[in-house]
Amino acid sequence: MGKVGAGGGSQARLSALLAGAGLLILCAPGVCGGGSCCPSPHPSSAPRSASTPRGFSHQGRPGRAPATPLPLVVRPLFSVAPGDRALSLERARGTGASMAVAARSGRRRRSGADQEKAERGEGASRSPRGVLRDGGQQEPGTRERDPDKATRFRMEELRLTSTTFALTGDSAHNQAMVHWSGHNSSVILILTKLYDYNLGSITESSLWRSTDYGTTYEKLNDKVGLKTILSYLYVCPTNKRKIMLLTDPEIESSLLISSDEGATYQKYRLNFYIQSLLFHPKQEDWILAYSQDQKLYSSAEFGRRWQLIQEGVVPNRFYWSVMGSNKEPDLVHLEARTVDGHSHYLTCRMQNCTEANRNQPFPGYIDPDSLIVQDHYVFVQLTSGGRPHYYVSYRRNAFAQMKLPKYALPKDMHVISTDENQVFAAVQEWNQNDTYNLYISDTRGVYFTLALENVQSSRGPEGNIMIDLYEVAGIKGMFLANKKIDNQVKTFITYNKGRDWRLLQAPDTDLRGDPVHCLLPYCSLHLHLKVSENPYTSGIIASKDTAPSIIVASGNIGSELSDTDISMFVSSDAGNTWRQIFEEEHSVLYLDQGGVLVAMKHTSLPIRHLWLSFDEGRSWSKYSFTSIPLFVDGVLGEPGEETLIMTVFGHFSHRSEWQLVKVDYKSIFDRRCAEEDYRPWQLHSQGEACIMGAKRIYKKRKSERKCMQGKYAGAMESEPCVCTEADFDCDYGYERHSNGQCLPAFWFNPSSLSKDCSLGQSYLNSTGYRKVVSNNCTDGVREQYTAKPQKCPGKAPRGLRIVTADGKLTAEQGHNVTLMVQLEEGDVQRTLIQVDFGDGIAVSYVNLSSMEDGIKHVYQNVGIFRVTVQVDNSLGSDSAVLYLHVTCPLEHVHLSLPFVTTKNKEVNATAVLWPSQVGTLTYVWWYGNNTEPLITLEGSISFRFTSEGMNTITVQVSAGNAILQDTKTIAVYEEFRSLRLSFSPNLDDYNPDIPEWRRDIGRVIKKSLVEATGVPGQHILVAVLPGLPTTAELFVLPYQDPAGENKRSTDDLEQISELLIHTLNQNSVHFELKPGVRVLVHAAHLTAAPLVDLTPTHSGSAMLMLLSVVFVGLAVFVIYKFKRRVALPSPPSPSTQPGDSSLRLQRARHATPPSTPKRGSAGAQYAI
């Protein structure tokens, strides 16, 4: 499993990001390779992207501390493309901190003409297309048409209050990290560095500090040491006054710590080299440090002293405890690697992580790089049998396997979010390559239902998976996603967490006011939701919690998403309607809690203007922020709520120092807003006011008022709605059909949900619906659609299985093996369980409260042991057998065996292995009721069954320390009929060609035949054959009751066969695979099994009867030899491989027209 990302933006260029508050990082391209500018982000600070090719990925959570100075963003706020410099700014979730990455040294040298034009300021003041508006402003996004108007524009332009400060002496530095404390603080810290690409290290650094919001700066190199080279700047997320500086490990390994916002520092030596840090989300002095040699350290004194926790820790797989789920705030979750390369999940206290005090919450090994601890959930992955299996623990309870629809068969899974006690996951299924399906879970994170199919994905430069999904800030349950439909990518929106999706309505008019002829569903608005090619760069889509109705994004109008003809669009009513605001890409900042939008154009030329909108993007005014055009490297927005200050970072030329332009927006407001300056606005979806079960009314500033908002007040009022069907999604195992009903999927048995129930207890009997998590509706149909508690029925034991805890059939001599007794139905608490371990030891259990812990046993000798379990209660009994090898792994074994054969006929069983060459093998065969197995060195063996009925054959294959098994059931009768079935071609599109799918489809076909013909199910056996196209074999069996009486005659079989053929020829047999997918079942041709078999074991009377039939048949053949040609199937050659779907062993006795049943001898019908 790879890492997943979701966000917004264009991949056409590396972009800069302007965000709210916090930390800005400016660095040259290629620096990530050195690790000094772009360290690996820790998962707890990485929302939806990372680079590891395996294991779960996840999104960060509010309140999580950044592990490194690069916490990935929750939602991008502002982007700027500074030409050939790469820059991104991202905000750490829940900390109020923001970050950016930029490049300076990679700037190309412009031609002389370009340089001259840049230094004259041409291009920087070039206005967009359109007509000039009041005050000399132009319509945004359009170019000048009248030179006189352009001149008048420059003369009458509006100016913002700004000051410029140059970081003198740092002109060679190509990286910068900026921290703005905010929260009533005027302090800004800047760390600039010179990264030498040839040496791959930092050779110079400078530390600057401002105490007046960036008007002036003081150089602090003498306070940290003139020869000290600094590599990183860290800020405590819970106390912004605490600063930590990390020295370059190439020179020395030290920390410089400040508790007064960087005014003074204390230096501490380290005996290890820090690769990343993870701050505690609550305790400001608690830190985890990950070293370059994969050791994890902890400090309870903000880095002044360190203690080793664990060696061999997997990178980025360590986490702090989560309040509300863990009792101990100092508990550490980590994934550690053993000497032999396995991984396991450990927990321990930060200051007491000895061998005796470590816990292992998940028994056994997990897949490397798969541990995720996020909110109330813990996720791990375990691959067995070539398939990944995913496990979740909710609120630190026992792990349960995550349940996707049965035939999702995931290749890859990524945890996108765990907000509001629900898991949102992206799953790549067995038949997907560049798309993922979105699934949403119940509260425990166990049962998942489909939210959206075929969401577009792409792979980042470091191998991380990026999902085209964007969560809109400020509105619970609102997402945008790009879905692939017939090779076209279209943007969809949901307001109820994926229950319903719709296309985006395009604007009615363009920038010039001309009508846009775009009709749904053939034409719509499509938005770019990908992040930039730079893994630390956010994309060009923006929303903000404090402005819940405003969304700004780049995209296009048409039939599909395009990378050309990109414009900028804004919605001020939460995605219901959209307006075009620019014809070229811009980046937008939310100022004054979204009361003002600031836009800056993407251009490789120097600029000195930006655009402001005071009416949610309806109109824009042009302002200059500097008198000299500036190559913009990045922008840092206001960290506080009312400062209205923005800092622009850039250069006047490629030879100049860093220029810091402080822009103060307070002068554009004449007063603070009063109550009469606001109006109510109701959230809705195309007129529907009930969103997620509630009506929400927000307070918005009137568009004509130009006052400063200050603090955000949130929703004015919220009231719950009456529950309707729209507030409920289909429950696990159910699918929504065209009539809107949720009906069971073909593979799902609703009664299976009560199998773990004990008499006297109760379980939730699903109605097929479940309420959307976080939906606040009340009354209405809530009672009708909610699952009902139901008393557990008393049942006899059924479906008993005994397995080892790790699912293997081997155990080490002298070590504990845990046996799990699993009962599909039956009352565990009133059951007697008897276990015979096969080594002379047996135990009994009565009235067990739970079997979750399993039964432990130690085998003292090596060998194969027959473990038998007998379960009895007052209603019945059941038994199960496990053949346990006490010592061996093999990838896969499959038993090839006929579905049906004739009595006293030799049957060939073959073990098919994967991989086929695994060295010396031992085959252990169990069949019938034999208590002793047959052991061979060959993969094939012959059996003979002397009595009619169902028989079971089990093969176990041993190779070294690996043992795998497969079990098949074969029907044995003196006589039967068989018919080849075919299907409408659409079934092949959904055929993953695995045994489980074939068994379930066979069951569905049998059910359809029984319903269409009324033939009892005991007479019908359907076997779906492997391979494509999909085919099946229908067997008509002479069922008899358990007493051996009332056995069907040959004539009865003929009549049943004719009825089945007639029904199939009438196209009356069909089934619905999924909503909208109807599969028709056809008849191919029929063969028949003999009344007697041509073998010496039969009596003399039978031989006389056979000879008579032969003579009659010969006479008929002579008479009709020129009128009718009879084709007799031949037995296959010995080289025919079992598993070939066309293989059938048969000897025909009578020939009849294809439309009627043929009698003959069918020795065996083979399929895998």
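Cβ atoms here come from the backbone N, Cα and C positions, even for glycine.
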O-linked glycosylation site per Swiss-Prot (candidates: Thr68, Thr1095) = Thr68
Key: Cα separation, Asn776 (N-linked glycosylation site) to Asn184 (N-linked glycosylation site) (Å, whole number)   = 37
Ask   = Across the topological domain 'Cytoplasmic' (1121-1168), what is the average pLDDT of the model, as a whole number?
value = 36
Inter-residue C-alpha distance, Asn816 (N-linked glycosylation site) and Asn929 (N-linked glycosylation site) (nearest angstrom) = 30
Query = In terms of DSSP three-state secondary structure, what is the assignment for Asn908 (N-linked glycosylation site)?
reply = strand
Request  = Work through the glycosylation sites one by one (Asn352, Asn433, Asn765, Asn776) and name whichever has its CA nearest to the CA of Asn908 (N-linked glycosylation site).
outcome  = Asn433
Key: Distance from Asn929 (N-linked glycosylation site) back to Asn433 (N-linked glycosylation site), taken between C-alpha atoms, in Å   = 47
Key: Surrounding CB atoms that lie within 10 Å of the CB of Asn776 (N-linked glycosylation site), all protein chains   = 20
Ask   = Of these glycosylation sites, Asn184, Asn765, Asn908, Asn929, which scores lowest on Cβ atoms within 10 Å?
value = Asn929
Task = May I have the DSSP-based helix, strand and coil counts for the residues of the repeat 'BNR 5' (611-622)?
result = 0 helix, 5 strand, 7 coil
Request  = Please report how many Å separate the Cα atom of Asn929 (N-linked glycosylation site) from that of Asn765 (N-linked glycosylation site), as a whole number.
outcome  = 39
